[in-house]
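Under the heading transmembrane segment, TrEMBL lists 12-35, 41-61, 77-95, 129-147, 153-175, 187-206, 226-245, 252-272, 278-297. Taken from TrEMBL, the feature domain 'Sugar phosphate transporter' covers 22-294.
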Amino acid sequence: MASLADRVRGNGRIAAGLLFNLLVSICIVFLNKWIYVHHGFPNISLTLVHFMVTWLGLYICQKLDIFAPKTLPPTKLLLLALSFCGFVVFTNLSLQNNTIGTYQLAKAMTTPVIIAIQTFCYQKSFSTRIKLTLIPITLGVILNSYYDVKFNFLGMVFAALGVLVTSLYQVWVGAKQHELQVNSMQLLYYQAPMSSAMLLVVVPFFEPVFGEGGIFGPWSPSALLMVLLSGVIAFMVNLSIYWIIGNTSPVTYNMFGHFKFCITLCGGYVLFKDPLSINQGLGILCTLFGILAYTHFKLSEQEGSKSKLVQRP
């Protein structure tokens, strides 16, 4: 049995990992928003920087034997890499065109959309109480979006597309990991360079490459430093997520995510002076109630499944 000192050290490492993930996850949202608002760096180009830095970071990790790469057929990953591009680009466009609060709440719709996709496309069943939690989540997002004093129709379109593509990506990631027998880091190691290559082709059609506003344009040293820092933090977010899930459980990470959810919302109103109406506040509370109820019921079902397995003769 592990000694008390070993358990304390283990819990300390987990607490440190959670705190690190909290800091970098909140930092990436605010930093990207800052880059869009104060520097006007192009969205797709910023996503390309994130992908390239993430791939470079993963390359260094595999050289340090943090994980072992696995050879995968590129044809099996094309659709996944494309959806990876889509979900990052659209969520960043949502962040660029919406308030922090609307952006963050729209992301909460990912859970209902994933359940809908798995129900209708993969014939996966969910309990009634899990389905009922989708009502307050959806209602809260609608309330916040409708009463947002900075309502932006284009921002809502990007938010909706971001939710749809993110949901598809997360469903496909799970399917591909099972099909190819790989973990998340092994999959991302191949996705990141493929997605970078796709964006390299796309950028010239939607954004300037050279000159004013282009990725290779005359940016100030402070803007370039912020963009590079954003890429490094994006890599740290991915790495810390994998570490937390590997050392605790997806449920622990999910529960911790709700704490980040609240802090990010509050930070948006404090740092960017995003106005908050009473109806928006009710929408936030409604969504948060639905998310917490979903997590509680999901945890109860998982514990029930474990108990049944233990009780089997």
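Numbering starts at 1 and runs along the chain as displayed.
Placement of Cβ uses the backbone N, Cα and C atoms for every residue, glycine included.
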Top Cβ-contact partner of the transmembrane segment (226-245) among 12-35, 77-95, 153-175, 187-206, 278-297 (pairs under 8 Å):
12-35
Okay, the transmembrane segment (41-61) and the transmembrane segment (187-206): do they have at least three CB pairs under 8 Å, pairs separated by 6 or more?
yes
Can you give me the average pLDDT across the domain 'Sugar phosphate transporter' (22-294), rounded to a whole number?
80
So which of 41-61, 153-175, 278-297 is most in touch with the transmembrane segment (77-95), counting Cβ pairs under 8 Å?
153-175
